[in-house]
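What follows is one structure encoded as structure tokens, with my remarks underneath.
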Amino acid sequence: MAENGAGGGGGGQNLAVLDALDSARTQMYHMKAIVIAGMGFFTDAYDLFCITTVSKLLGRLYYPDSNADIGKPGTMPVRINNMVTGVALVGTLMGQLVFGYFGDKLGRKRVYGITLVLMAVCAIGSGLSFGSSASAVIGTLCFFRFWLGFGIGGDYPLSATIMSEYANKKTRGAFIAAVFAMQGVGIIFAGLVSMIVSAIFLHYNPAPAWNVHHGWTVDHQIEQWPGADYMWRVVLMLGAFPALATFYWRMKMPETARYTALIEGNAKQATNDMQKVLEIRIDEEQEKLSKFRAANEYSLLSMEFARRHGLHLIGTTTTWFLLDIAFYSQNLTQKDIFPAINLTGPPGTMSALKEVFVISRAMFLIALFGTFPGYWVTVALIDKMGRYLIQLLGFFMMSLFMLVMGIKYEYLKDKGHALFAILYALTFFFANFGPNSTTFVLPAELFPTRVRSTCHAISAASGKAGAIVAAFGVQTLTLKGDPKHMKQALILLSVTNMFGFFFTFLVPETMGQSLEEISGEDGNVAGAAAGHVDKDVEKAPPSSTEWQPPSSMN
């Protein structure tokens, strides 16, 4: 394929504003965009995963007699537990589809701030309750967490699309991956904040271990009720602050030049917007834009889209679906696996607040040493190794480690705690230095501007369908910590990851290409359908009239 510009817009050269974006040196505005979009993902991860640290506390507080017959602290019934941990995922799936669609129809910027407002309001609402009964508290919690997830869902396609359309082609993968890597920071803070808040409440509300008052009366429960009941509310409400902190800056971001030029057809506005925020000089090309747009007006449901990108969409949806079954099973069932790897003790030997503290501490350690490094290794290597190889490697290693943990579960649980913890942490590392990052990056690059946000939303929603399978299916196996069921769950997840490995072959490599080369918007449909650029073809020399980046951009 000739260099971007040699065949653009159905035979003409590529647009100057797009060439400028692809060639622009990394600047402060790129870093600012990463932080603004990344703080949304920080909030997303905090809000989605902080529920893991307090779900056992909710069982003790509102279902205290549920395990009286077996002499253990109360837990939420399986159906209620799955609702509390899974309802936000259902909201996320729906929010991804809705906001992804409107991101293409109304523009990325117009709906970008709505997601943050919804997240902030619903994070606060999650800590409230209309009444004091278990049904009232849990019902209120589920209502607000559904709409919290709805707002979180919008962040996926919008943040990914905005970052991909701002970035230059040399470091685009790293920029998009860096936005997503803030999810790892959010998971760390979910554990850290829960640990700090529970420690503070524990200091001022000391309570004996549950087994000291085996068969507690109502009076015994009331002794620790106020502190514990406030504690989980504070943790959930704190998720509103990072969203509110970045709202102003999101509203100041201009619409992406690709949307303004290719969808709205306004080359002058696109040029002006980019020259204000990036130190680049761009020539206006309104006449060329009309020809460029005319060749790329097919819709998502057209045969042309199916021919060019049908397999790509199948690849991004299936791999994200399979990945999220494993990834969310790992995160949502941490509290059940921690005792097996000796990071937490038996619930009966701790008070309610103490149990939150040790679960949060374990989650923090796993995230810090297993989850977090994987994200940033991806950021460092994705534009060197490529998306394709990283995704294959991640799926394969996750499958291998989960298979070993499943087959040797009894031995690792009883005698190999340290090895179990290492293997468990490595599955997180290769999830994030692997498909958890690449499944987010690829849909933001593969599809044309007209349907980029929608296609990313469909792919992400498929992922959340996998997360729902994890919350309502796999978690049911692990909730009671039964060794037989835990073993079955780990082997099942190993098989799921291997399916993800094979479906990755439907996804092409996108490294080093412009978005228009990848999608075929530059006029080279054959190259886009094949999903690669022929690096051996000599690049066409620029004509004397072709726009060239100023020297300051080199």
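Quick reminder: no glycine exception, Cβ is built from N, Cα and C everywhere.
What TrEMBL annotates here:
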- 542-554: compositional bias 'Polar residues' (COMPBIAS)
- 33-512: domain 'Major facilitator superfamily (MFS) profile' (DOMAIN)
- 525-554: region 'Disordered' (REGION)
- 33-58: transmembrane segment (TRANSMEM)
- 78-99: transmembrane segment (TRANSMEM)
- 111-130: transmembrane segment (TRANSMEM)
- 136-154: transmembrane segment (TRANSMEM)
- 175-202: transmembrane segment (TRANSMEM)
- 230-249: transmembrane segment (TRANSMEM)
- 362-382: transmembrane segment (TRANSMEM)
- 388-407: transmembrane segment (TRANSMEM)
- 419-437: transmembrane segment (TRANSMEM)
- 457-477: transmembrane segment (TRANSMEM)
- 489-507: transmembrane segment (TRANSMEM)
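Over the domain 'Major facilitator superfamily (MFS) profile' (33-512) the predicted model carries a mean pLDDT of 85. Beyond the ends of the transmembrane segment (175-202), by six or more residues, the same chain brings 30, 33-34, 37-46, 49-50, 52-54, 159-160, 163-164, 166-167, 227-228, 230-231, 234-235, 238, 331, 351, 353-354, 356-357, 359-365, 367-368, 371-372, 374-376, 378-379, 382, 432, 437, 440-441, 444-445 to within a C-beta distance below 8 angstroms of the stretch. Between the transmembrane segment (230-249) and the transmembrane segment (33-58) there are at least 3 Cβ pairs closer than 8 Å, counting only pairs 6 or more residues apart in sequence, which means the two stretches are in contact. Among 78-99, 111-130, 362-382, 388-407, 419-437, 78-99 has the largest number of CB pairs under 8 A with the transmembrane segment (457-477). Contacts between the transmembrane segment (111-130) and the transmembrane segment (489-507): absent, as fewer than 3 C-beta pairs lie under 8 angstroms at sequence separation of six or more.
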